[in-house]
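**Q** Dropping a structure here in structure tokens format, bear with me for questions.
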Amino acid sequence: MPRKLAAGNWKMNGTLEGLSEIAELGGLHRAPSVDILICPPATLLSPMARAAQGTSVWIGGQDCHAAASGAHTGDVSAGMLSAAGAAYVIVGHSERRTDHGEDDGNVRAKAEAAWRAGLVAIVCLGETLEERESGRALDVVARQLAGSVPDGATAANTVVAYEPVWAIGTGKVAGPTEIGEVHAAMRAALTQRFGDEGAQMRLLYGGSVKASNAAEIFAVPHVDGALVGGASLKASDFSPIVTALEQA
Ligand SMILES: O=C(CO)COP(=O)(O)O
């Protein structure tokens, strides 16, 4: 079983001063029993990767283009992220799906590009409030999982993050029953499709995770970590979440 994963997604936040947060986080967790990852904006990736060298903190990108290079103004390839020091890349975050019209096919192609560059792909999915309230959450997640996770996914090259859109940045956390139901369904689908690799693949929950609710979330079966937005920006906020995961 790969180690559990506490991942921070800084989104479009942070400055060079945030380098000190990486050093502080590494200092607080010198020999963690879980993996720790911070995904800063692309402009901070290289200095953050340097700051993280020799610490327990991994650095990742927040998105990549599906192509290796070419005429794609404003985009960054997976190879470029890797060269800058990334080990992971988030693909298919709901903010990318909404802001940039990305669909499951785009996300799948990005995950494959991540693998070609030697990165671990964190494939995100999750239903909207309207989809949950109309009883379609499990169907939506099943469809996104089937369409966004490429053939060839393994426990080593892929992480799946369930982030219900209505719980992101809203302070509304999905309850243990809701999370448990979706994570069990994802585990069953991944195991059916990928066998033992699917059984071992890390499944993260994301959406308003904080120190105060982390332990309850990590106690849910098939939750192997978290993808944290706001509460990952400060080491002092993120560190208790890392500790809760170590103790789960
Ligand atoms: O979108 C998220 C992480 O990718 C979750 O963000 P918040 O933790 O700020 O709700």
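Glycine residues also receive a Cβ, built from the backbone N, Cα and C atoms like all the rest.
Automated prediction, rather than curation, is the source of TrEMBL annotations.
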**Q** What does TrEMBL list, out of Ser33, Ser148, Ser208, as binding the same substrate as Asn9, Trp10, Lys11, Gly169, Gly229, Gly230?
**A** Ser208
**Q** Which binding-site residues out of Trp10, Gly169, Gly229 lie by ligand 1, going by a Cβ under 6 Å?
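**A** Near the molecule: Gly169, Gly229.
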**Q** Looking only at C-alpha atoms, tell me how far Glu163 (active site, proton acceptor) is from Lys11 (substrate binding site), rounded to the nearest Å.
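**A** One finds 14 Å between the Cα atoms of these residues.
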**Q** Whose Cβ lies within 8 Å of the mean position of the Cβ atoms of Asn9, Trp10, Lys11, Gly169, Ser208, Gly229, Gly230, the substrate site, other than those residues?
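**A** Counting only non-site residues, the set is Asn13, Ile168, Val228, Ala231, Ser232, Leu233.
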